Amino acid sequence: LLTNYLLGWAEMDLLSGTYLLAVLLACIVFQSGAQEKNYTVREELPENVLIGNLLKDLNLTLDPDVPLSSPLQFKLVYKTGDVPLVRVEENTGEIFTTANRIDREKLCSGIFSENRCFYEVEVAVLPDEVFRLVKIRFLIEDINDNAPLFPSTVINISIPENTAINSRYSVPSAIDPDIGVNGIQHYELLKVGEERRTGSTCSAPRAPASRGSGQNVFGLDIIETPEGDKWPQLIVQQILDREQKDTYVMKIKVEDGGTPPRSSTAILQVTVTDVNDNRPVFKENDIEVSIPENAPVGTSVSQLHATDADLGSNAQIHFFFSNQISSLAKRLFAIDNATGLITIKEPLDREESPVHKLTVLASDGSSSPSRATVTVNITDINDNVPSIDTRYIINPVNGTVLLSEKAPLNTKIALITVMDKDADLNGKVTCFTDHDVPFRLKPVFDNQFLLETATFLDYEATREYAIKIVASDSGKPPLNQSAMLLIKIKDENDNAPVFTQSVIGLSIPENNAPGTQLTKISATDADSGRNAEISYMLGSDAPPIFNLDRRTGVLTAVRKLDREKQDRYSFTVLAKDNGMPPLQTNATVTVSVLDQNDNSPAFTHNEYNFYVPENLPMYGTVGLITVTDADSGENAAVTLSIVNGRENFIIDPLTGVIRPNITFDREQQGSYTFQVKAVDGGRVQRSSTAKVTINVVDVNDNRPVFVIPSSNYSYDLVPTATSPGSVVTKVFAVDNDTGMNAELRYSIVGGNSRGLFTIDQLTGNITLKEKIITADHGLHRLVIKVNDLGQPESLYTIALVHLFVNETITNGSYVQELVRRNMETPVGQNVGDGEITPQTNDYVKIIIAIIAGTMTVILVIFVTALVRCRQTPRHKVVQKSKQSGEWVSPNQENRQIKKKKKKKKRSPKSLLLNFVTIEESKPDDPGHEHINGTLDIPVELEEQTMGKYNWATTPTTFKPDSPDLAKHYKSASPQPTFQIKPETPVPPKKHHVIQELPLDNTFVVGCDSLSKCSSSSSDPYSVSECSCQGTFKTPGPIHTRQVIQSL
């Protein structure tokens, strides 16, 4: 495209076309990330002289929005082994000279044009975000550091004696490596011994004194060639006469134009020879030939032809090279002195010198030889393989480039320069890599390429690359050259450790020895070196019972494990490498602690106390024994059995439910005690025992029994003079039950319509409430009710109390008849016939008076009989009643009892149980009831400090500290939870009838001091507790029945 573009503008002005080409090339170079910068620098400058500043000269500005991976850096790129003549400050881009002086004549030997000597370097601007490759061309400025020198210190010239005035003869030129004004500017002839002291001078040796000076005979002129060379010519100014003087000795001086000028001299010796009229003439003075560089030695280059008009020896021509040709030409070519044939003496090399100028002189023996110039052009043959010059941007270590695997794309590694000394197509080189690698060659300048990364690198995939760079020319056949570039990928910590298992499951029996090794945790890291060194650590959630070796990864248990405290552990372990920064990963470790039979079965209580009603049927539920075993599996499979007491109770071996295989009778046995054994199922069995006490609880199945009055036919006299508040009589009843079932309450439920009497509900004392008036005289029948406080249902009994309100009893039979008649009156009907006429009153008084004496005798006999009865052995008959109600499981939450302050201990009052047989024969009257019965009367003497239990608020018969079976049902026991339903109690017999009492009250009830009133336990719930319902004392106002004889 560029060629077509240029061809289209072929007719444009040459300057415009050249400018356009330069612009297009500059655009191409700029887009490739390359720039050029030219500087001019004088040679031989001292060290640390500032040449330029790339940062400013290139107008480099950083975009603040583009972050840089590293600070801006200027890196001088040069071939390994080369000694750079300049240095570049990496941070500032300033260019300085070094201790290695720049010598233009050495750097550009053979170049005599003032604008042709350059020194080139490349500078890479890093990092990759702002990368540029800058080619810096230093134009070396010449200084006058070299003096011009003649080829020889003595120059010999022969001139015939017949030479005409103003004839010119060439003098060998001096050579000055400097150029321009510092080159040769002036030649001058000096007399022998005469020297100018201006500038530096190189003096020639002194000529012999016998020889004449020719300063006036000869003159000196300078001819400038088209190439700019200055050739000196000697001019004959006077006629020469060999016979007078055959030799002239002079000094020739050459001087350059430097400041200060430098010069040198040589001895110019002119010899005047005999006459030779004609000199040889070349057929061609300028000949140009071309010869391939691979022409063999001996090949003819050119055949020179010259003629001489003289005859004889003066016509014999001798060919030779001028001393002004280069030493290389003298080495490569030879000339036949006789024939003038130029041949190849040594192999040619176009790359060494493509053109050779050969000055050939033809001489017939005279002093003025003829001159011809043969220009030999060496044509190129593809005989040079391309050269590859590698200049590293990333400094190699021992010939190997270390490149991080995190290097970004387009990371510049080296500048590859390929060259071919051949010309044209033979020197056109292409460069490439011979196989697929993650690198590429990017062209920047002519025959220069940047080696850069083409893809992301991965140390774990490939750790090093041997890149073969191939340079091939376009010759036929093409020649190739290759170079190896070693790149080692430097590992970066880009891989975290990887556990062989993300979840590590372990099992270990409990009771292990401290320091037991559990497992060895292992992780791998794809990185290398320190990046692959792994340290193991426990996570923050790991319990202190475990330890993990940081280096080996061995996991140990530092203490003994106890499955019963914790059967499973789950925590994290970390694997961390030693990279910078370090990377880590984690895994989960689960440790299952295996059970060993190291725990005996454990009862929830060491001692169990159960309270069961005595009416609990056989195989009913007594209670539940709960046992646990902290072990698991077979080691926790517990079997229960009764050690002693199997004849009375059975226990479910799995559930722990205790059932009786007997019926209870509290009167025969109030409690049972036995041991329960629990055995686990371990290979080596472990066992434990607990004590079980079963207390038989009373049931409210006995109704109260009246002791006073002893008969429904008895009566008491209430004198009319009795003051209100006086006790007129007393009722007293007993209950064969115990506890609250035996607590009694008295009340008047009938026969007291006028409210004349009142009764104490606790003591049963009947007192006169109102003052007796006339209307109150007569017989009163009170219906007395006594009921217990038993639960769940209270039982009661009704008795009749007759009170005869009168001054005296004059006729007992009459009163007895009234009582008998009242018995025929329904209980719900009040008896109102209580009046006595005055005549009757007198009659009664007479009768009472008559009977008084009789009763006195009878009373004495009665007292005597009573005393004798007290002296008889007393027997105790305890009829234990049974409480009706549902048996319930004890509940500790409902057994909160307020404790009272302890009082001084008193010995319990003994229980007096009087067995009294009351027999009474009824009259023959068919209407009179005959009551014949035996009463067993338990009487307890209450302690004043005895607490009363409120059965209405807490329906249970169990002790407060007895086991809470309700909680046992919900325990973590391996036994299944059972809902124990209460057994259906036996319905008690209910007595709601009027008690039939004996006719007469002939006994006194007391407490037997020998009876046991309370158990050893102070528990108010104990069923063995008994109390005397009250001391039965003869009431003050109660009168015995006396026969009053009428006066």
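Cβ from N, Cα, C; glycine included.
Taken from TrEMBL, the feature compositional bias 'Polar residues' applies to 880-894.
The feature compositional bias 'Basic residues' is assigned by TrEMBL to 897-908.
According to DSSP, the secondary structure content of the domain 'Cadherin' (44-150) in residues is 11 helix, 37 strand, 59 coil. Taken from TrEMBL, the feature domain 'Cadherin' applies to 44-150 (among others).
For 151-282 (among others), the entry in TrEMBL reads domain 'Cadherin'.
The domain 'Cadherin' annotation in TrEMBL covers 283-388 (among others).
Sequence annotations record features per position, and here TrEMBL assigns domain 'Cadherin' to 395-499 (among others).
Per TrEMBL, the feature domain 'Cadherin' maps to 500-603 (among others). Secondary structure of the domain 'Cadherin' (500-603), assigned with DSSP and counted as helix (H, G, I), strand (E, B) and coil, comes to 4 helix, 49 strand, 51 coil.
Sequence annotations record features per position, and here TrEMBL assigns domain 'Cadherin' to 604-706 (among others). Residue counts for the domain 'Cadherin' (604-706) under DSSP (helix as H, G, I; strand as E, B; rest coil) come to 4 helix, 45 strand, 54 coil.
Sequence annotations record features per position, and here TrEMBL assigns domain 'Cadherin' to 718-828 (among others). Per-residue pLDDT, averaged along the domain 'Cadherin' (718-828), amounts to 88 for this model.
TrEMBL lists 846-867 with the feature transmembrane segment.
For the domain 'Cadherin' (44-150), the neighbouring stretch richest in Cβ pairs under 8 Å, chosen from 283-388, 395-499, 500-603, 604-706, is 395-499. Secondary structure of the domain 'Cadherin' (395-499), assigned with DSSP and counted as helix (H, G, I), strand (E, B) and coil, comes to 4 helix, 55 strand, 46 coil.
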